[in-house]
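Colleague: Before we start, here is the structure in question, set down as structure tokens.
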Amino acid sequence: MRFDVLTLFPEIFSGYLTQSLLKLAIDRDLASVHLHNLRDYSKGKHKEVDDRPFGGGPGMLLKPEPTIDCVEAVQADPSAGGPGRLLMLTPQGRRLDQPYVEDLAQSPRLLLLCGRYEGFDQRITDLLQPEEVSIGDYVLNGGEVAAMTIIDAVVRLEPGVLGDETSSQEDTFSRAGRNLEYAQYTRPREYRGLAVPEVLLSGDHEAIARWREQNAAERTQQRRADLLPAASRSDQPAADTTN
Ligand code: ADE
């Protein structure tokens, strides 16, 4: 899986790339991350990449020329094995969720275009027709953290990245099951008066599986009933009398 990140701040990624699961994936040749600085594609005397919006308003916009030149050069890289899927990180985009992550993980190459300032000149979107992606309904200072979020969520689905091949399928929000995960415990058996549920120590695998299923269902009902099919929500009123 190849990721190309197009950003004004490639340094933001350096710590992230050299730690933990992503480092392991890169070391094992299961993933590669290529950083491209949008500023390198500015032809201006001062390497400008942003400018004020026509019509006024706060902040600065990414200019079309360096941004589009950068995307086109990265897409055309002959060593990359195809243009890949172009994602633009923006709070205006489609909200990222696990099914979308699973769909992205099918692609051998993702290009992640990070904005800064107030956003992108609209012609960048019109000409490149990227998939606009948001990681949630809040505004970040730029797309970099969102790009890292996508890389993080996608790379763990790459076969061989997680130690246990089945564990990403059991994740909360995976297609296989929409329940949240059950509660887990490790040693010690008792801590500050709180004991590990007896059944988990019993060695009875069927009983443990039943307990976990029940625990996951209860948690989902309590915390995220919105994930459940309407019919199985316990909070569904018989008739809606609120309006
Ligand atoms: N850039 C700024 N805010 C963002 C968000 N919520 N998701 C993706 N990119 C962003």
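Each residue, glycine too, has its Cβ placed from N, Cα and C.
Heads up, TrEMBL stuff is auto-annotated, nobody curated it.
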Colleague: For the S-adenosyl-L-methionine site that TrEMBL assigns to ILE135, GLY136, ASP137, TYR138, VAL139, LEU140, which of the candidates GLY115, GLY160 is also assigned?
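Modeller: For S-adenosyl-L-methionine, TrEMBL names ILE135, GLY136, ASP137, TYR138, VAL139, LEU140; of GLY115, GLY160, the listed one is GLY115.
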Colleague: With TrEMBL as the source, which of 186-214, 215-243 is set down as region 'Disordered'?
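Modeller: So the range that TrEMBL calls region 'Disordered' is 215-243.
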Colleague: Given a separation of at least six residues and a C-beta threshold under 8 Å, show me what packs close to VAL139 (S-adenosyl-L-methionine binding site) in the same chain.
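Modeller: Set apart from VAL139 (S-adenosyl-L-methionine binding site) by at least 6 residues yet with Cβ under 8 Å, we have PRO91.
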Colleague: Cβ under 8 Å to the compositional bias 'Basic and acidic residues' (215-226), counting only same-chain residues 6 or more beyond its ends: which ones?
Modeller: 177-183, 233-235
Colleague: Which binding-site residues from the list ILE135, GLY136, ASP137, LEU140 come close to ligand 1, meaning a Cβ under 6 Å from one of its atoms?
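Modeller: The qualifying binding-site residues are ILE135, GLY136, LEU140.
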Colleague: Around ILE135 (S-adenosyl-L-methionine binding site), how many other C-beta atoms are within 10 angstroms of its C-beta?
Modeller: 20
Colleague: When secondary structure is assigned with DSSP, how many helix, strand and coil residues does the compositional bias 'Basic and acidic residues' (215-226) contain?
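Modeller: So the compositional bias 'Basic and acidic residues' (215-226) is made up of 11 helix, 0 strand, 1 coil.
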